[in-house]
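What TrEMBL lists as domain 'Putative zinc-finger' is A:4-37.
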Ligand SMILES: [Zn+2]
């Protein structure tokens with residue numbers, strides 16, 4: 001048996017499958033009956049998704065131009 | 001090490017293809033001011049090491065690892081703080097529960113998703129930017145770039161245990177900064193912020 005606090009502390013690792021078998025099972029068992037922690041789990045999943053899908057964002061034009069020229073010039077270095 | 005003409009051309013093509021992704025990673029690790037310089041240094045290092053890249057399919061990943069190494073070498077001392085900060089209330093912070101308790105969208109039945117969808121990509125970037133580098137970097141490398149924790153430990157030349165605890169604390173800090181940022185920047189309806197009035201059907205808590 002683990003407490004809600006303990007379960008919540010390990011949710012991201014749980015989603016990463018980064019816990020020991022024993023801890024992974026303990027969190028699983030906790031989630032089987034604890035509605036509140038299931039909510040936490042769903043939210044942790046959404047937060048990870050938010051990070052993963054954060055767009056690359058553009059490269060500002062002046063930076064892109066300078067870096068493109070830098071790349072073009074790479075054949076002149078020795 | 002001198003590259004053959006065809007190697008140089010291949011590296012240049014790879015660099016052009018990967019430029020947006022490399023710049024995005026550099027910006028998140030090093031900030032806007034240093035991002036361009038970090039990309040340049042990474043490309044120079046890539047020239048020297050290109051001979052060691054066997055699988056050109058893996059080039060995108062390989063360039064990102066080099067870029068992370070360049071950044072690590074610049075901030076080495078910030079990554080290894082002499083000791084961890086004392087455990088404070090950030091350890092116990094739960095964004096999920098804060099949202100339940102503060103209930104910033106009282107008329108919503110999907111409060112948590114409403115909260116997240118108030119954030120643009122730029123907002124998320126700004127929140128990441130507020131974290132100290134040693135917590136931000138593992139978070140970015142793990143959850144934005146998708147590197148495994150063992151790989152991150154090698155890239156940052158830190159013990160795996162250190163990376164794991166930085167990730168752990170980084171997640172908590174990230175959640176707390178999401179909340180602070182939302183409150184400060186008017187992403188919450190009852191804060192009367194600039195973006196708050198856009199919602200339809202407001203009740204007394206945010207009559208716009
Ligand atoms: Zn629970």
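Glycine is no exception: its Cβ is also placed from the backbone N, Cα and C atoms.
Those TrEMBL annotations? Automatic predictions, nothing curated.
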Residue numbers, six or more beyond the limits of the domain 'Putative zinc-finger' (A:4-37), whose CB comes under 8 Å of its CB atoms:
44-45, 48
Could you put numbers on the helix, strand and coil content of the domain 'Putative zinc-finger' (A:4-37), residue by residue per DSSP?
28 helix, 0 strand, 6 coil
